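According to TrEMBL, the protein carries these features:
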TRANSMEM  20-44  transmembrane segment
TRANSMEM  199-218  transmembrane segment
TRANSMEM  224-248  transmembrane segment
TRANSMEM  274-293  transmembrane segment
TRANSMEM  299-320  transmembrane segment
TRANSMEM  327-350  transmembrane segment
TRANSMEM  370-401  transmembrane segment
TRANSMEM  523-544  transmembrane segment
TRANSMEM  550-572  transmembrane segment
Amino acid sequence: SSKREWKPLEDRSCTDIPWLLLFVVFCVGMGFICGFSVATGAAARLVSGYDSYGNICGQKNAKLEAIPNSGMDHTHRKYVFFLDPCKLDLINQKIKSVALCVAACPREELKTLGDVQKFAEMNGSALCSYHIKPSEYTKSPDFCPKLPVPASAPIPFFHRCAPVNISCYAKFAEALITFVSDNSVLHRLISGVMTSKEIILGLCLLSLVLSMILMVIIRYISRVLVWILTILVILGSLGGTGVLWWLYAKQRRSPKEKVLPEQLQIAEDSLRALLIYAISATVFTVILFLIMLVMRKRVALTIALFHVAGKVFIHLPLLVFQPFWTFFALVLFWAYWIMTLLFLGTTGSAVPNDQGFVEFRVSGPLQYMWWYHVVGLIWISEFILACQQMTVAGAVVTYYFTRDKRNLPFTPILASVNRLIRYHLGTVAKGSFIITLVKIPRMILMYIHSQLKGKENACARCMLKSCICCLWCLEKCLNYLNQNAYTATAINSTNFCTSAKDAFVILVENALRVAAINTVGDFMLFLGKVLIVCSTGLAGIMLLNYQQDYTVWVLPLIIVCLFAFLVAHCFLSIYEMVVDVLFLCFAIDTKYNDGSPGREFYMDKVLMEFVENSRKAMKEAGKGGVADARELKPMLRKR
């Protein structure tokens with residue numbers, strides 16, 4: 001395959017059709033699971049709720065064999081009421097309290113059975129068992145709700161009466177409740193978030209603005225982007241570290257004679273927190289400087305590719321919005337998946353449990369629908385992400401291999417989407433399935449490791465972690481190879497295996513360049529993310545400085561910095577993808593073309609300048625003039 005001629009954008013044919021058919025059949029199976037759940041009444045039971053006898057609230061029900069109190073008409077009883085709402089076993093997903101369908105939820109606390117009787121007579125909502133009349137409530141306390149009956153309100157859209165005061169659920173989180181009640185630091189952290197919510201919102205908006213500004217910088221001044229980012233990161237890291245040390249020194253010099261005894265502990269916690277922040281920032285700054293010192297000489301090709309990537313975004317501005325469409329598609333699918341999962345939790349046939357109440361269980365082969373549904377979550381999610389990679393690759397390939405940019409399609413992104421749908425959905429399905437095959441065993445091993453935590457011996461724990469790590473590395477390598485395979489498919493319209501093999505050959509022949517681009521390029525994009533996080537964090541420090549209790553900074557700053565990193569990652573991940581596609585196109589271009597008549601380069605002038613400079617460096621290296629040129633030697637082949 002390494003000798004086969006590449007013919008960019010000349011031929012276009014359907015690829016991996018059997019895998020597309022397999023994916024369609026799999027999606028039909030996913031639809032069958034949802035349809036089966038709805039057809040068996042799971043949707044009605046989930047939304048409307050059902051009582052302990054299998055009756056769905058708000059409708060007329062059919063009689064179930066061997067189930068007492070089933071088949072009742074609950075047309076006017078639209079809400080599920082639990083006699084003991086604090087007896088819900090959320091962990092095992094079993095209802096240990098009797099559930100009844102009632103006409104209304106008690107909005108006020110009912111302290112006695114007389115109050116329960118009065119509520120039933122006034123509202124027509126019987127809160128005791130169906131076979132007891134309201135006039136007999138005081139005589140049959142065993143069939144009535146546990147007193148006092150807490151005030152409750154119906155959950156929107158799900159018709160369950162939920163206690164307004166959820167303190168009765170404390171036993172399900174006893175450790176957390178105890179920790180919260182006994183930990184004054186956590187109280188201060190939560191109060192810090194609540195009092196700083198406007199600042200947190202403003203800083204999140206600032207991170208979004210900074211990310212968009214960074215994209216503008218990448219687009220228009222990509223030649224000096226690397227050095228601008230380097231200087232700004234140095235200033236930002238030094239500035240943040242210096243401010244933290246200054247605040248620590250200021251807090252340490254502040255007089256403590258006038259401090260109240262109850263405030264002394266808070267002051268000591270604040271001083272200790274500032275010292276930890278300052279030391280962590282110093283260590284981070286030193287490590288960052290060392291990495292930048294090592295990487296400073298290997299940026300020539302990266303700068304050229306960044307410059308061309310900036311031009312790509314000028315001609316293809318819709319690329320910036322690609323993460324939003326992908327995120328929107330993922331959210332829609334995840335919402336559908338969660339809805340179907342909830343349906344599965346209430347589907348099946350009515351079966352009496354040990355207490356004589358009804359549970360819905362699926363028997364036979366259909367009980368394994370859960371596993372099918374989980375595999376569908378992984379495969380279809382990976383399929384959506386792979387469609388984004390193929391769309392970006394197709395658009396960038398069209399830009400690179402179009403000599404006259406005036407002949408570009410009106411919307412290369414839409415043209416790439418059209419080619420994806422018409423020809424290459426099978427390739428995307430196959431690539432995403434390979435990632436799924438690696439991800440599922442890793443997730444199973446992670447689940448086993450979590451279940452055996454503290455029980456397995458050191459050898460087993462080491463083996464599990466090693467297997468998880470190996471599978472994670474394999475997944476990352478396959479992700480990178482898949483992305484380049486999609487680029488090769490976008491160029492030559494070959495199937496997945498052929499494209500992966502062609503891309504692998506190109507990458508192996510340009511191993512040094514791959515290492516340089518993946519280290520320098522990814523590192524510079526990482527510096528962009530660090531710049532946005534540091535700038536947002538520094539602004540947060542300045543805005544939160546009015547709070548003298550420095551301990552409460554940590555949670556708002558963590559929230560803001562995480563959001564800033566996610567926003568920066570969404571914007572710069574597309575840029576990283578464009579650079580990787582450009583690199584493979586550049587490697588193919590330099591391998592099969594040399595600039596002679598009939599074999600002209602497709603590349604941009606900036607990349608041509610890099611090629612010429614590399615040739616000059618190689619000639620000087622041959623004379624002993626440039627030591628670093630030996631890294632450039634494998635980049636070009638003499639024709």
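Here the Cβ of each residue, glycine as well, is placed from N, Cα and C on the backbone.
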Stretch contact, the transmembrane segment (370-401) with the transmembrane segment (20-44), Cβ-Cβ under 8 Å, 3+ pairs: yes
Result, the transmembrane segment (20-44) in contact with the transmembrane segment (327-350) (3+ CB pairs under 8 Å): yes
Within-chain partners of the transmembrane segment (199-218) [C-beta distance under 8 Å, separation at least 6 from its ends]: 193, 225, 228, 306, 309-310, 313, 320, 528, 531-533, 535-536, 539-540, 543-544, 556, 559-560, 563-564, 567-568, 570-572, 575
